[in-house]
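Encoded as structure tokens, the structure appears first; notes follow it.
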Amino acid sequence: MSTAFLVTFLVYLIFLMSVGIYFYFKTSNLEQYLLGGRGVGAWVTALSAQASDMSGWLLLGLPGAVYLFGVNQMWIAIGLIIGTFLNWHFIAPKLRIATEETQTITLPMFFQKKLHNSNGMIKNFSAIVILFFFTIYASSGLVAAGKLFESVFGLNYYTAVIIGMFTIVFYTFLGGYLASVWTDFFQGIIMFFAIIMVPIFAYNVVGGWQSLSEVLLEKNISRNLFDRVTLLGVLSSLSWGLGYFGQPHILARFMSVSSLKELSKAQNIAMIWVIISLFGSVAIGLTGIGLFQNINQLRGDSELVFIMSVQQLFNPWLGGILLAAILSAIMSTIDSQLLVSSTTLTEDFYRLVRKDASEHELITIGRLSVILISLLALGLALNPQLKVFSLVSYAWAGFGVVFSPVVIVLLYKPEIKAKSVFFGMISGLLVLFLWKFLKYDSFLYELLPGFLANAFTMILSEYLFKSKQ
């Protein structure tokens, strides 16, 4: 284990914990702890939204998929870029206004107020969905942390996962939303720096596109967007973009921005970041094929291509900073997910039981909720055979099939009935589970049929309810 790597990581972890301690003393009420008091600026909103969006998937999952299958995996990046733009342009401004008008800070509560659903059916179901899929999502980050610490420091996988969890919980537990967005802001910068540096250096080492193309041909790996891909494969990859409209941890960033003017600035910053980062991630996977022509050089795990590239190309001091980007990607997502889960438990469940709870009591419950969700995620992550890509894709689809159509409808057709929305949510979730169980996801990503099932059921239910009146 390199001393340089260790020192770099320790300095970085101490910095994150310091941010948590700083915002612990800055947080005085529940809205500040859970949503930053709706006073976050453009740069922090943009970079924290995109950093929390991408997770360890950006530096482990996507490069790993490109390493195995080639250029045709770029369709996923294209789908995400389109989804990012649509989310910022059509969802963010309306959601920012609507959540302030309804005085809501969680998606479940927003759904309930917009639908005038007094029995709590929509809110409770939405809250359960958030807790279930965020536990899976957060576990993907802990798996990524385990792979990182295991590869770099030779730590036992289980020890590595626990260290990662402790650090994230520490600053999220103390500092809440402001600690989360500010650490995500810095982490977004580190990720951006790493994702540009690594493929540029690797490209020069492998001898340029001509040499790389020969390796791709020899290994029978896709060399362009249309090589070894089907129409269903393209639709599967593009459908990742549909998930954006229902991701609670990304939508929370839109709710917290200080003004629509700042939101407009944030959109431009976010789009530049996401386009460069996604294409950089694809480039890491491609250049990795040239650097490591046999997967055994990656210890049999394609998702280690970024880590091994850094270790091979850079000196330990610079390499330590670049590998901290993985930690950044992991932490920026998990802290956001823990916080949204904490918000859900506090606002959507605990307030029902303790309607007269004080601000101090609610903040305490919020902090305890962070610990509870992280322990559940840890239980899942203790299986080292799990793949980051698979966990992320399943959780992403879960939120996409249940929430994405609902968010769109409530912002653009708010007069829809609560029953129609509920049936839509249920149908989307059932299709997701069935699609996965029947292994249909091997040819079509479950997000697309689940999204369509939800939307179709909502429309059909609304028509049937109106025709009965």
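Here the Cβ of each residue, glycine as well, is placed from N, Cα and C on the backbone.
What TrEMBL says about a protein is an automatic prediction, not a curated fact.
Under the heading transmembrane segment, TrEMBL lists 6-25 (among others).
The transmembrane segment feature in TrEMBL is assigned to 64-86 (among others).
Within the chain, the transmembrane segment (124-145) has long-range Cβ neighbours (under 8 A, six or more residues past its boundaries) at 55-57, 60, 106-108, 111, 160-161, 163-165, 168, 248-249, 326-327, 329-331, 333-334, 337-338, 340-341, 344-345, 348-349, 373-374, 376-381, 383-384, 386-388, 391-392, 394-396, 398-399, 402-403, 422, 425-426, 429. What TrEMBL lists as transmembrane segment is 124-145 (among others).
Here TrEMBL flags 157-178 (among others) as transmembrane segment.
According to TrEMBL, the feature transmembrane segment maps to 185-205 (among others). Residues 15, 43-44, 47-48, 50-51, 54, 58-59, 212, 273, 276-277, 280-281, 283-284, 286-288, 290-291, 306, 309-310, 313-314, 321-322, 324-325, 328-329, 331-332 of the same chain, all 6+ positions outside the transmembrane segment (185-205), place their C-beta atoms under 8 angstroms from a C-beta of that stretch.
Residues or ranges marked as transmembrane segment in TrEMBL: 225-245 (among others).
Here the transmembrane segment (266-292) has Cβ contacts under 8 Å with residues 42-43, 45-47, 49-50, 53-54, 58-59, 62-67, 70-71, 73-74, 77, 80-81, 84-85, 88-89, 92, 188, 191-192, 195-196, 198-199, 202-203, 205-207, 211-212, 215-216, 219, 221, 257, 298, 305-306, 308-309, 312 of the same chain, all six or more residues outside its ends. The transmembrane segment annotation in TrEMBL covers 266-292 (among others).
Among the features that TrEMBL reports, transmembrane segment is placed at 317-341 (among others).
Residues annotated as transmembrane segment in TrEMBL: 362-382 (among others).
The transmembrane segment annotation in TrEMBL covers 394-412 (among others).
Nonlocal intrachain contacts for the transmembrane segment (421-438), taken as residues 6+ away from its ends with a CB within less than 8 angstroms of a stretch CB, comprise 111, 115, 121-122, 125-126, 129, 394, 397-398, 401-403, 405-406, 409-410, 444, 446-447, 449-451, 453-458, 461. The annotation transmembrane segment is assigned in TrEMBL to 421-438 (among others).
The feature transmembrane segment is assigned by TrEMBL to 444-465 (among others).
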Beyond a gap of at least 6 residues from its ends, the CB atoms lying under 8 Å from the transmembrane segment (317-341) belong to 2, 4-9, 12-13, 16, 34, 48, 51-60, 106, 130-131, 134-135, 137-138, 141-142, 144-145, 148, 152, 164, 167-169, 171-172, 176-177, 179-180, 183-184, 186-188, 190-191, 193-195, 197-198, 248-249, 252, 306-307, 310-311, 369-370, 373-374, 377
Any residues 6+ beyond the ends of the transmembrane segment (64-86) with a Cβ under 8 Å from its own?
-> 50, 53, 216, 221-229, 233-234, 237-245, 270-271, 274-275, 278-279, 281-282, 284-286, 288-289, 292, 295, 298, 301-305, 388-389
Beyond the flanks of the transmembrane segment (394-412) by 6 or more, those residues with Cβ under 8 Å of it | 91, 94-95, 98, 107, 110-111, 114-115, 126, 129-130, 132-134, 136-137, 140, 240, 242-248, 251, 421, 424-425, 428-429, 431-432, 436, 445-447, 450-451, 453-455, 458
